[in-house]
Each structure stands twice: as structure tokens, then as C-alpha cells.
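Let me begin by presenting the structure, written as C-alpha cells, before commenting on it.
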Amino acid sequence: MPRTSLLTLACALATGASAFSYGAAIPQSTQEKQFSQEFRDGYSILKHYGGNGPYSERVSYGIARDPPTGCEVDQVIMVKRHGERYPSPSAGKSIEEALAKVYSINTTEYKGDLAFLNDWTYYVPNECYYNAETTSGPYAGLLDAYNHGNDYKARYGHLWNGETVVPFFSSGYGRVIETARKFGEGFFGYNYSTNAALNIISESEVMGADSLTPTCDTDNDQTTCDNLTYQLPQFKVAAARLNSQNPGMNLTASDVYNLIVMASFELNARPFSNWINAFTQDEWVSFGYVEDLNYYYCAGPGDKNMAAVGAVYANASLTLLNQGPKEAGPLFFNFAHDTNITPILAALGVLIPNEDLPLDRVAFGNPYSIGNIVPMGGHLTIERLSCQATALSDKGTYVRLVLNEAVLPFNDCTSGPGYSCPLANYTSILNKNLPDYTTTCNVSASYPQYLSFWWNYNTTTELNYRSSPIACQEGDAMD
């Protein structure tokens, strides 16, 4: 036996590892690396867009996405943010004001980092596109939704027999409804028109707890959110650089922030954005952190009441998990907004920083990176696993959280197969820790006090398709 093979075998015996793992059959003389030593996810602008840019999968812990050996997914509960969209009308107004300053110098030739403006046009065709989901380019929102449905058909199609009518649920906002429809087309294919039943749940506060978008109108922890400045020193540096390259522009740090907001939306509608390179990597990192602050203090664990808001979904999904697929059903697909997913994560107690995020500097290494949590099309999937006994765990039922297609361990409850949590333990933890929504948010007694639509749903297909044109800047489709 060659010396190299003996050495491999000796090392394997000493460590208990297989001598032939990771492609040991590949000739030892090859110079090609089996694994790349370059990991550049941290440099991707998609991770510094905050919640504005195209979907990207969460950076994982290396836990296999497929079910652990000996386990089968028997129930899925998903909540998905709408797909990629154009800016909101309010953001559009600020963007147009910043662009007006850029164009005010009446130059025939922009220079430096803005030289591309000599050929560039704004990607929003007219004001009616504000709020709408995008339909053009490889990152288009409706394309994202359809592809996601198709991917989940491949992953979870075994949970549908091809004959029963499956209800799925959308909040009553225009782009959310369109996302749900495209996802449904991707998942059900030709059967979408007959075997899927879209249920649209109003976003009105009078829905109380029977909602995908519960509100907390008595929220008394919004002081930090209300006083966020959306500024870091790097924006002043960017303004000075762009002004020096194009005299007379007179951009401020606030203008730069609005231009970066504009840049962060462009890929939603186009395959390429020159605006990305108009700002440095440091400036993008700063922007991403400003977005982290916005979500943390305005719709996440930085607001002590958000866990109660998210508890509505967390508690109802816990009931589904304990009822199981035979009693409750196997598939629960839900569609809402980014700021409806972040409270759920707060309620579950995952991705909580050890201390509040500082406002005056970037907190590197904190777990609350919004580009990894709720990009456009972001989604939280709860899997119920039916598992056989292994050397490490008993036969039984387990729970896994999957955030943007990366397994997210449930805090210290990871004793199950694939670092899953035993359903009994998951239930005990949530029953102990979930706050009460109706009490915390002083929900009117005349409003619904719990989520019921997962059990009381329609099975008609009347809402599967639009019956009227999309309105200009359409928001709440149920107004």
C-alpha cells in the first residue's frame, strides 16, 4: 500500500473518521482543491441592502437543509414576505427629491462615481408603480414567488395528495396577495385553479388577534424608533466625495441615504445597477446597519411589545404542531410583510442580541442582520418532523425552524435529529415564555382574541385570481 494511503488510514483510525470520506478516491497527485478557500458572502451587497433588495438565502450554520436521516417532514407552517417590489410612495418622494439635486447642476457629462448617469434612467416608470411588486428582470418579485412555490412543491409535495383542496392565507395588501397567488401557481401547477383556496385576511386592526398582521396601537416602547436619525458618518464622506466629483451638486448625508435607498431597490426591477458602485463597501455596510436598527427598534426585539405581537402566530402555530397533520392538516402557507415576520422571531426568542444595538456605531457580529432575516421574499418555515430512533435521540416528533432556507437552531433546544427540538420541549418553552397579546397591546374586547382562520377557512377558488385591474399605488386591497 502506498505510503500516502497508509498515512490516511492511520489518521482515520486515530480519529475514528472514515479513511475514504470527502472524495478520498481522488488521486493524491491532483492540484485541484476539493473545497474553495474563498468565502465572500460578507462582501455581497445583497447582505447590506437591509430589507430592500432581492432575496438571498440566509448564511447557514452548516446544518443540512434536507430532513435528518430517519426523519420525514409531516407538517409545514410557512410565513413569507411579499416578493421584490418598487419603493413605497413615501420613499419614492424622498428619492425623487435627492435625484432632483443630482440633476440640478445641468451638466452634460457626469464624472467620477456618477459617470454612468450620462446613460442612466430611473427604474420606476411612473408614480403608479410605487408599492407594486416588480415583474421585470431576473430578480422580479412575481418570478421569485412562483419559483419559491415550485421549489416547495419539490420539497413538500409529498404532503399533498393531488386531490384535496388546500387553503392558503394572505394578508389583504395588494402585493402580498399577488405574491400568494404566484406562489400558489408555482406549488400547485395546473391544479391551482381547482385545488388551492386563497383566503384573504384583512389587515384592519379590528381583526384583533385573528390576523396575519396584528397591531399594537397602545405600544409604549417606540421612543427609540421614533428618534432614529438614519445617519452614520460614512454618509457624510460619500456626500463630500460625490460633490467634489460633480461641483454644484450640494448633496447632504440625508440625500446620500435616500440615494442608497434608491440603489437598494434597483435590482428588484433590473438585472444590473450601476448605483451599487457609486458607494463604497464601507458605505454599504453602514447602510445595512442603519436598516438593522430600523427593524430592531421599530418591529423587532428592541421594542418590548413586539414579542407579544409575534406571539399570536407563534401560539397558533404551536397548536397546529400539537394537533399534527391528521387533525389540523399538513400544509399552511401564509403571506404577509417583513414587519410581521420580525415580531414572530422576537416571540420565539431567536436572533436576540445580548444587548440593545448601539445607535452611533456599527455593532459588528450582532445576530440581527436584516439582510439575513427579511430580504424581499424572506420566509420563516416551521417543520414538524416524524423521526425514528437514533443513537442520539428517541423516536418521536420534533420541530425545526428554517429561515430563508437555512436551519435556525431553536436556542438551547437542539437535542433532536439535525439539531431539531423535541415537540414536547418546544411546547414547554413557548408556553412558559410567550407573552399575552391581548393584554400587552390592550386589544379591544370587541375584537377577536385569538387566531382562528387556520381552522375556519373557505375552500372556494373565487379569490385565486384578480377580478379587477391593479390600482395606482395599490396598498390595502380590501379598502
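Keep in mind that glycine also has a Cβ here, set from the backbone N, Cα and C atoms.
The active site, nucleophile annotation in Swiss-Prot covers HIS82 and rests on similarity to another entry. Annotated active site, proton donor per Swiss-Prot: ASP338, in sequence order, evidence recorded as similarity to another entry. If you look up Swiss-Prot, you'll see ASN106, ASN191, ASN227, ASN250, ASN315, ASN425, ASN442, ASN458 marked as N-linked glycosylation site. Annotated signal peptide per Swiss-Prot: 1-19, in sequence order, evidence recorded as experimental evidence.
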Among ASN106, ASN191, ASN227 [glycosylation sites], residue with fewest other Cβ within 10 Å: ASN106
Number of other Cβ atoms within 10 Å of the Cβ of ASN442 (N-linked glycosylation site) across all protein chains: 12
Spatially closest candidate among ASN227, ASN250, ASN315, ASN458, the listed glycosylation sites, to ASN425 (N-linked glycosylation site) (Cα to Cα): ASN315
Neighbour tally for ASN458 (N-linked glycosylation site), based on other Cβ positions within 10 Å of its Cβ: 14
Sequence-distant neighbours of ASN315 (N-linked glycosylation site) in its chain (C-beta under 8 A, six or more apart): LEU430, LEU434, TYR450, LEU451
Spatial neighbours of ASN250 (N-linked glycosylation site) that are distant in sequence (at least 6 apart) but have CB under 8 A: LYS101, ASN243
Cβ neighbours of the residue listed as 'active site, proton donor' where a neighbour is any other Cβ within 10 Å: 20
Integer Å distance between the CA atoms belonging to ASN191 (N-linked glycosylation site) and the residue listed as 'active site, nucleophile': 22
DSSP three-state assignment (helix, strand or coil) for ASN425 (N-linked glycosylation site): helix
Top Cα neighbour of ASN442 (N-linked glycosylation site) in the set of glycosylation sites ASN106, ASN227, ASN458: ASN227
Neighbour count (Cβ, 10 Å) for ASN425 (N-linked glycosylation site): 17
Closest of ASN106, ASN191, ASN227, ASP338 to ASN458 (N-linked glycosylation site), Cα positions, recorded positions only: ASN191
For ASP338 (active site, proton donor), the one of ASN106, ASN191, ASN227 that lies nearest, given that the glycosylation sites are compared by Cα: ASN227
All-chain count of other Cβ atoms within 10 Å of HIS82 (active site, nucleophile): 27
